[in-house]
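Visitor: Structure incoming, see below.
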Amino acid sequence: MDPILQELVDEWFKLDQDETTRNEVSQLIKAEDYATLKQIMHPRIGFGTSGLRAEIGAGFARMNCLTVIQASQGFAEYLLQTVPSAAKLGVVIGHDHRHKSNTFARLTAAVFLQKGFKTYFFDHLVHTPLVPFAVKTLGTAAGVMITASHNPAAYNGYKVYWGNGCAIIPPHDKGIAACIEKNLTPITWDKNLVENHKLADRDFAVGLLKNYWSQLHEFHSENNFSLEMKSLKFVYTPIHGVGLPFVTSALHLFGEQGDMISVPLQDSPNPDFPTVKFPNPEEEGALDLAYEQADANGISYVLATDPDADRFAFAEKINGAWRRFTGDEVGCILAYFIFQEYKNVGKPIDDFYVLSTTVSSAMVKSMAKVEGFHHVETLTGFKWLGNKALELEKQGKFIGLAYEEALGYMVGSIVRDKDGVNALITFLHLLKRLQLQNLSITEVFEQMSKKYGYYTTQNSYFLSRDTPKLRALVDALRHYDTKSGYPATLGSKKITNVRDLTTGYDSSSTDGKATLPVSKSSDNVTFELENGEVIMTIRTSGTEPKLKFYICARGHSLEDSIKNATEVKQAIKSEWFHPQQNGLEEP
């Protein structure tokens, strides 16, 4: 064993008191599996704007009791340094059903209690949006949700919210990371401290949930979403997650309890997600059991939430075949419905805002131009959408929708983060409207396309365990052409603009500088082809070893837009990234 690895192992045994993870390391040493040992020990799991996310297991690079305690100590210390009366304001802590989630949540609570924080602890499983809602409602200094959302079963995570109810943005991530490095020695391992500590509140959840449902009902009623209508049957699946009781409560709230048929094999929380390869409704196969249930009952609609119920997915059966709508399509449909209802109740159009990210469909931008409402674009991630929504809210603006293409939707601003339950109930109201008009979602989307333009999005990724290679491949595009640096063409199409949010370059601005926030910690480059006929963004993932690309193509017809998107997708592979040559896996 090399000296650096030996030092890390010694440090691990000095700090870790969990017999399971101590034994994992001991077994690797006994087997002389130094390659795996090095992989789990270094580099330390990074704390970013998404908090922590990694596979569960021993080592400083993994999610385990020690790294959760260390993260909590650093976060608590950072709050004490930066937020006046942070301990008195307190923190909210919630968790989902994943392996070790309850243990990690209890250890997080123990650390904050030891640091003197009032600690609001959800005793039961919650869907992720309840934590930022609680932070906002209770006025706490921060919140922590233990979840890995829709990642595979081997993963868990530690998601952090600031006192404004939004996910954290820079520079908080770096500040917290620095405090973690200075607070590595555990101050407690007592998982039961939250049971009887005087600063622990485990009874707040009942009142908080009543408040959540009350605000949800009020928002939908005020904006004319929730008129009573005839029954509409649909199939719902939580994909082995926590969503079912929350969706059921939402249906009861609006008098719809008899309309839903569930998927028995996927109803209950199961951290192993046994019926799906990936518990992500974006992935092929994730909704197959729901389709089977719908087919068996003669139902044309499937609605789903991801395991922590912050994302929402929809599929419709048309002409005997299932169509799973993309996140962009659902986002545009929701924006259209919410705006129409807002307009119908006579509210001022100039106050209506829809927010989306740089990698979302351009259709919503076209819709805003045609209809006269405001559209604002942010960087990728709800941390940016939530904070921008809050900024506009303070100006008295109405946030109709904020969305990102990865099935994340914030309807209104009850929660300043994506909420799959609120999105689902909103979409259900839309379906009931269309039922009265004898229209399908597919038909409505065709009407929208004729009015706002035919747009096709094709999003995918390359997977590699060699993260530096992914960054190097993107960096090579900055030196692709000897004259301008960036490529001048892709396939048969001319590249007319480039925006690089890693370097801060934007060819479309007068001074060549980007107006959106710049970050050197990850890659984010947008190429505009043929003056907006195709907009494509390439970015490295903050939570996964992926190089993601997002293509939005416009055309004179659906077929034309698909053709444009497909040409660009193929050219990315054949001209820029050469997957086989570079050892990149495709989904």
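The backbone N, Cα and C atoms fix where each Cβ goes, glycine too.
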Visitor: Out of SER149, SER300, SER366, which residue gets the phosphoserine annotation in Swiss-Prot?
Guide: SER149
Visitor: Using only what Swiss-Prot says about substrate binding by THR49, ARG53, SER149, HIS150, ASP310, ARG311, GLU404, GLU405, ALA406, LYS418, identify which of THR36, THR67, THR380, THR442 is listed for that site too.
Guide: THR380
Visitor: In angstrom units, rounded to an integer, how far apart are the Cα atoms of ASP308 (Mg(2+) binding site) and SER149 (active site, phosphoserine intermediate)?
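Guide: It is 5 Å, counting Cα to Cα.
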Visitor: Taking the Cα atoms as reference points, how far is LYS418 (substrate binding site) from ASP306 (Mg(2+) binding site) in Å?
Guide: 12
Visitor: Should any of the binding-site residues THR49, ASP306, THR380 have a Cα within 10 Å of the Cα of SER149 (active site, phosphoserine intermediate), which are they?
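Guide: Neighbours among binding-site residues, in sequence order: ASP306.
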Visitor: If one looks at the chain holding THR380 (substrate binding site), which residues at least 6 apart in sequence have a CB under 8 angstroms from its CB?
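Guide: Non-local contacts for THR380 (substrate binding site): THR357, THR358, VAL359, GLU404, ASN524, ARG539.
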Visitor: Please list, in sequence order, every residue of the chain apart from SER149, ASP306, ASP308, ASP310 whose Cβ lies within 8 Å of the Cβ centroid of the Mg(2+) site.
Guide: ASP96, HIS127, THR128, THR147, HIS150, GLY241, THR305, PRO307, ALA309, ARG311, GLY420
